[in-house]
Amino acid sequence: ISSEKVVPASADPADTQRMIRYEIKQIKMFKGFEKIKDVQYIYTPFDSSLCGVKLEANSQKQYLLTGQVLSDGKVFIHLCNYIEPWEDLSLVQRESLNHHYHLNCVCQITTCYTVPCTISAPNECLWTDWLLERKLYGYQAQHYVCMKHADGTCSWYQGRLPLRKEFVDI
């Protein structure tokens, strides 16, 4: 994150909302290539009450940022996205980002907030960190990967164990 600047949320002078525009140096993109090639700026609401994200600008800190590409091509992030300093990611998360996650885009992760919760399709993995630990990015997020099997179903795989034969193309 090389700089931050407070900018109007829209060109409408009656709109009093503000955004923070972070200028970034993109190191690697893991998905979304079809929507945008290179990201120079990311936007977030100015107010934390609107789920705005505060990042450290002008530091050497590197982040994993997830967000949305809006119809106007701007990349938007907020508190509900997964945003983590790269150094805080587990080894499994870093290896999976570089080698496994892109193979499993057909898998859907369903967050379990309360019981009962179930999957509704064979390509879903049930994410239980919130239910068990009351945090979204707990042990399951740090140490497991939702992976596709040869038969098209998806299930959790513990990242540091050797891959079993039933997992596809790995």
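Note that Cβ sites are derived from N, Cα and C of the backbone, with glycine treated the same way.
Feature list (source: Swiss-Prot):
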type: DISULFID; residues: Cys107-Cys154; note: disulfide bond
type: DISULFID; residues: Cys112-Cys117; note: disulfide bond
type: DISULFID; residues: Cys125-Cys146; note: disulfide bond
type: DOMAIN; residues: 1-105; note: domain 'NTR'
type: REGION; residues: 6-9; note: region 'Involved in metalloproteinase-binding'
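Where Swiss-Prot records a feature, it is marked here on the structure.
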residue	record	DSSP (3 states)
Cys107	disulfide bond	coil
Cys112	disulfide bond	coil
Cys117	disulfide bond	coil
Cys125	disulfide bond	strand
Cys146	disulfide bond	strand
Cys154	disulfide bond	strand
Listed disulfide-bonded residues among Cys112, Cys117, Cys125, Cys146 whose Cα sits within 10 Å of Cys154 (disulfide bond): Cys125, Cys146
Helix-strand-coil residue split for the region 'Involved in metalloproteinase-binding' (6-9), DSSP-based: 0 helix, 3 strand, 1 coil
Neighbouring C-beta atoms (10 Å sphere around the C-beta of Cys146 (disulfide bond)): 22
Minimum Cα separation from Cys125 (disulfide bond), reported as the residue among disulfide-bonded residues Cys107, Cys112, Cys117 that achieves it: Cys107
Cα-Cα distance linking Cys146 (disulfide bond) and Cys107 (disulfide bond), given in Å to the nearest integer: 7
In the chain carrying Cys112 (disulfide bond), residues 6 or more apart in sequence that have Cβ under 8 angstroms from it: Leu126, Trp127, Thr128, Trp130, Leu131
Residue among the disulfide-bonded residues Cys117, Cys154 whose Cβ has the most other Cβ atoms within 10 Å: Cys154
Neighbour count (Cβ, 10 Å) for Cys125 (disulfide bond): 22
Whole-number mean of pLDDT values that fall within the region 'Involved in metalloproteinase-binding' (6-9): 93
CB contacts for Cys107 (disulfide bond) [other CB atoms within 10 A, all chains]: 22
Cα-to-Cα gap, Cys117 (disulfide bond) vs Cys146 (disulfide bond), nearest whole Å: 17
